[in-house]
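Participant: One structure follows; several queries about it will come next.
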Amino acid sequence: MLQSLAGSSCVRLVERHRSARCFGFLVLGYLLYLVFGAVVFSSVELPYEDLLRQELRKLKRRFLEEHECLSEQQLEQFLGRVLEASNYGVSVLSNASGNWNWDFTSALFFASTVLSTTGYGHTVPLSDGGKAFCIIYSVIGIPFTLLFLTAVVQRITVHVTRRPVLYFHIRWGFSKQVVAIVHAVLLGFVTVSCFFFIPAAVFSVLEDDWNFLESFYFCFISLSTIGLGDYVPGEGYNQKFRELYKIGITCYLLLGLIAMLVVLETFCELHELKKFRKMFYVKKDKDEDQVHIIEHDQLSFSSITDQAAGMKEDQKQNEPFVATQSSACMDGPANH
């Protein structure tokens with residue numbers, strides 16, 4: 001018994017060290033991937049930033065030369081105010097002055113981006129009251145949204161993922177793991193087609209300044225809740241049916257986010273991925289381990305109690321024998 005307990009303890013110790021080692025490699029790999037992304041982005045984007053800075057300096061110098069009555073300080077003050085307004089989603093350009101950022105449809109689009117944590121950043125609250133309400137609204141709304149999405153995804157996953165896999169497994173006798181992998185791949189392909197490629201083609205037509213790559217980039221940035229805000233639909237000059245367009249985009253973002261979560265949940269339920277994820281988790285104490293601990297404690301306690309009981313039995317057995325001998329000795333002389 002003690003050898004089996006010691007052996008199981010050694011196995012648990014080895015598994016815990018292996019999990020810690022795998023977790024260390026995971027942290028190191030993530031940091032290296034983070035550094036790799038920084039190196040690539042810096043090497044690709046830094047030359048374009050430098051060219052843009054040079055172009056702006058030349059444009060500013062040429063403008064001051066053509067307008068000698070305007071000082072550089074006045075120009076910088078004007079540009080600073082324009083950029084500040086632009087950060088709040090207000091543009092001074094004549095072709096963009098007709099679009100309001102806080103009509104009902106735009107506010108509905110903003111609320112959806114806040115609750116989904118996408119947050120494009122092109123429109124932000126201007127007043128202190130709006131900022132305070134945004135904090136309170138988000139504190140309540142984001143957990144509410146997570147609860148809503150979790151419930152919806154769970155119900156959809158049952159009908160879209162689990163039942164089809166079980167049907168093919170039971171009805172046709174296919175391997176459950178193989179069916180799950182094929183189903184996950186097909187579901188991912190359908191989702192990418194319906195929520196990335198087709199909407200990207202639609203956006204490239206509806207948005208004048210967007211090509212297909214930029215439209216696909218917007219779809220990915222939006223449905224992955226990154227929301228950089230460099231591309232926002234419905235902000236063009238004289239956008240036709242802008243209110244209806246904004247409502248359609250809001251519905252697309254909500255449905256697309258649900259579809260993405262369903263696909264992720266489907267892939268996470270794959271046996272291979274579950275096994276891979278467990279490599280980095282802390283091993284839970286199994287019931288049998290707790291039983292072994294209890295049995296070990298009971299073994300130690302019972303051995304002590306057994307020894308004590310044995311000593312008491314010996315005392316009980318010896319006491320009558322001694323008493324009988326003593327009484328016999330006393331009766332002997334009396335009889336004599």
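Using N, Cα and C of the backbone, Cβ positions are placed for all residues, glycine too.
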Participant: Is Pro233 placed by Swiss-Prot on the same side of the membrane that Gly129 is on?
Facilitator: yes
Participant: Tally of helix, strand and coil residues over the region 'Selectivity filter 1' (117-122) according to DSSP?
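Facilitator: Summed by class, the stretch gives 0 helix, 0 strand, 6 coil.
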Participant: Take the region 'Selectivity filter 2' (225-230) and count its residues per DSSP category (helix H/G/I, strand E/B, coil), listing them in that order.
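Facilitator: Breakdown, helix to coil: 0 helix, 0 strand, 6 coil.
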Participant: For the region 'Selectivity filter 2' (225-230), what is the mean per-residue pLDDT, to the nearest integer?
Facilitator: 85
